[in-house]
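Features as listed in TrEMBL:
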BINDING   181, 195, 197, 223, 227, 296, 297, 298, 299, 300, 301, 302  NADP(+) binding site
BINDING   211, 231, 234, 294  substrate binding site
COMPBIAS  368-378  compositional bias 'Polar residues'
REGION    1-30  region 'Disordered'
REGION    368-387  region 'Disordered'
């Protein structure tokens, strides 16, 4: 298994991804089935500072001998967990199939690459490169020892599982998703400020599911004062879900004692919002890997201007609102674009119908390894519906 924020230092933002090595080749059906099983095993491990990783050991004939997964910080990595179930004789000449490149460092546990070599494994197939400075390089170590290494099998599927951890490793910050709801003409609220609800119940249920999958939810103080959101993840009947994101409010104005967010099951964090990079760094140090930014328009724009957005979720309702006498209430405010040539270019990665509404998922075309201005503020949001 690759490195972790628990076992190794976080890679600096400037670290480039390694070029796919010459020894990367495609695999057959049995190896693909084994990788899918390893991916399923990885899901059994806990989310946290360390990545969720699974491994399967195959006999020389391609039969599955064992599977393993990483069970948390300080425990055996997935490859070692799987190998611990087998005898020395079974391991000699075997193939290890693992979702993340075997690590090449000593932290709370030893290097997995060396453990595979010592066990007599003759072939290793992995899906995703480990980008860590300390933990990466396991594949090269294996090749140097005469082990056959094949990389990139089911890379997209395994990357999706590891996405937030990979962002932390590559950029030194949590993975940031920005969400908003809008009318068909791009408004987040009507002229009188009403915004509940632009989208329907199916779209709102999807938001709650994604909240539960996040480690932290971020809104501006304007949203708290305007909408009094609970910032909890809830089911169809309003019941709290088992997983709840850490609530984070940006802005210097006081949160009222009676605000719903003060009754959140997790400890509320409030920060000025004048240095988003510092906020994300603090959240990373708390073990936060997935940040869900819900609003409102000013907060969303601030993250975009800072180049800190990895994914955009736009819930679009088939309603028209138009502009009022006081001007527009756009879903996103100023993102620093003065001319079309400077527009933020994204690419759509998914389109989903949710009842009467559409969910558009998009990602920046270029990696978001941009410098962050410490003066960017997200403290004076006008408020959009976060519930």
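Yeah, the Cβs are placed from backbone N, Cα and C, and that goes for glycine too.
Automatic, uncurated: that is what TrEMBL annotation is.
TrEMBL feature annotations superimposed on the structure.
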residue : record                 : CB count, 10 Å
181     : NADP(+) binding site   : 27
197     : NADP(+) binding site   : 13
211     : substrate binding site : 23
227     : NADP(+) binding site   : 20
231     : substrate binding site : 27
234     : substrate binding site : 19
294     : substrate binding site : 28
297     : NADP(+) binding site   : 27
299     : NADP(+) binding site   : 35
301     : NADP(+) binding site   : 21
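Binding of substrate is attributed in the record to 211, 231, 234, 294, and the widest Cα separation among these residues amounts to 15 Å.
The closest partner of residue 227 (NADP(+) binding site) among the binding-site residues, by CA position, is 294; the full candidate set was 211, 234, 294. The binding-site residues near residue 294 (substrate binding site), taking a 10 angstroms Cα-Cα threshold over the set 181, 197, 301, are 181.
In this structure the C-alpha atoms belonging to residue 231 (substrate binding site) and residue 197 (NADP(+) binding site) are separated by 16 Å. Comparing residue 301 (NADP(+) binding site) with residue 234 (substrate binding site), their Cα atoms are 26 Å apart once rounded. A separation of roughly 16 Å, to the nearest angstrom, links the Cα atoms of residue 197 (NADP(+) binding site) and residue 234 (substrate binding site).
In three-state terms derived from DSSP, residue 211 (substrate binding site) belongs to a helical segment. Counted over all residue pairs in 181, 195, 197, 223, 227, 296, 297, 298, 299, 300, 301, 302, the record's binders of NADP(+), the longest Cα to Cα distance measures 24 angstrom.
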